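Student: Below you will find the structure I want to go over with you.
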Amino acid sequence: MFSLLDTPLSSLMDLIVNPKVKTTEGEGIRVCSLARNTSGPPAAAAPLDPVPAAADLSPTLSIKWRKLLLFATLCLTPYLLLLYLLDVERRMLKSILINLAMSVGAFFLTIFLIPIVSVYVLRRNMFGYDINKRGSPAGTVKVPESLGLVTGVVYLVVTILFQHSYFTPENTISESFPPENAWLTEYNAALACICFMLFLGFVDDVLDIPWRVKLLLPSIAALPLLMAYAGRTTIVIPKPLRSSLGLKELNLGWVYKLYMGLLAVFCTNSVNILAGVNGLEVGQSVIISCAVLIHNVMQIAHNSGEIQHAHAFSIYLMQPLVATSLGLLAFNWYPSSVFVGDTYTYFAGMALAVVGILGHFSETLLLFFLPQIINFIYSIPQLFKIVPCPRHRLPSFDPKTGLLTGSNDMNLVNLFLRWFGRCSEQQLCIRLLLFQVLACGFCFALRYFIAGWYK
């Protein structure tokens, strides 16, 4: 069995200070290894490659301002119009606008930090090659990995600072203190889950954790939320079933908390497996987040009391997510200058899961995740090794035409190429994001038509 005691101290120190790493193509995953000498005394440590100077590692990053402005306008305009037109209580609207202003600052801070952090991750050999450009000059460029870390850190800083302008020091409800203070414990529990998932996502990027272990990571990260959750564990029985069951509500108890944990597992992994195209991971997260914001502001305008505060709670977490994600998308849109890594997909998935759970609209959230559900169901045979599953389930790239061709791998990316024909990577991303928009629109239409009948 391998033991650190069998390794020369000098080799260990070299590994810590300047690790020799190898990079998995397309993912930028670092795999550190120490070789054991089993024949005779330990050999002297081999000299390690010197770390290039920061000036030599400065990546060429491009911000797609025009495309970003178009995408952000299309996504955010419906929400901002509703926020302006609908009747939102004055004090709550003030908090939403403060949070929005802080989110705008988070966007520019993300834009500022990504080029700086890119130098550091390249210095540690955390980079990948874009497989969808293999055979072309762009396929030989070292692309900085795990830049979702910047988005996550900026997000956490902004959401933590926002507490100062919204929550009072006392965490109780009385005539003197507003009811939103009751959300403080769950607000911090949500941030703890997101922070935990951000950390585990970065660990996955560095250590390349196997899939069977990845499934457990969201369960671990969701523990702060499950332990702090003090809300209702009842579900409303649909009206068509009430006469036969004789119940209007059903208390699920611990089963409801199990459902919360499973929802966190699904949201984080579903974003992670619908990926592999420049801009797709961040784009789908932004669209779902904007759909959640639209749902939140509509519910605030047509409800009162606890329901209002639950959806305001969701807005306070979603606005910074949209802003920081757009800052990342500025560099990740085709052609991508940075890779987001599992760090971002896990972080964004957990942020969406906690607002769905604590905002009590998990059913609506799952409808927003319709493309991810379809992708997961379609991918089950490969994910569970019923049929062979390659390391990267990506289409093939033709460097002569610049077009992608769908492979036989079972995911939406390849299915779209087989159904709608070959296309460029950017066109493929736009098609998949349009499908995400249609799914969110279908969710709103379904809620409208069954309102008053289903519940």
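Placed from the backbone N, Cα and C atoms, the Cβ positions cover glycine too.
Heads up, TrEMBL stuff is auto-annotated, nobody curated it.
Checked TrEMBL, it gives:
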- 68-86: transmembrane segment (TRANSMEM)
- 98-123: transmembrane segment (TRANSMEM)
- 143-162: transmembrane segment (TRANSMEM)
- 183-203: transmembrane segment (TRANSMEM)
- 215-237: transmembrane segment (TRANSMEM)
- 258-276: transmembrane segment (TRANSMEM)
- 313-334: transmembrane segment (TRANSMEM)
- 346-370: transmembrane segment (TRANSMEM)
- 428-450: transmembrane segment (TRANSMEM)
Student: Where among 68-86, 98-123, 143-162, 313-334, 428-450 do we find the most Cβ pairs under 8 Å to the transmembrane segment (183-203)?
Tutor: 143-162
Student: Let me spell it out: take the transmembrane segment (313-334), skip the flanking residues so only those 6+ beyond its ends count, and list any with a Cβ under 8 Å from a Cβ in it.
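Tutor: 61-65, 67-68, 71-72, 75-76, 95-96, 99-100, 102-104, 106-111, 114, 147-148, 150-152, 154-155, 158-159, 162, 166, 180, 183, 186-187, 190, 277-279, 281-283, 285-286, 289-290, 292-293, 296-297, 300, 340, 344, 348, 351-352, 354-355, 358-359, 361, 425-426, 429.
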Student: For the transmembrane segment (215-237) and the transmembrane segment (258-276), check the count of CB pairs under 8 Å (sequence separation 6 or more) and say whether it reaches 3 or more.
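Tutor: As far as Cβ distances go (cut-off 8 Å, pairs 6 or more apart), the transmembrane segment (215-237) and the transmembrane segment (258-276) touch.
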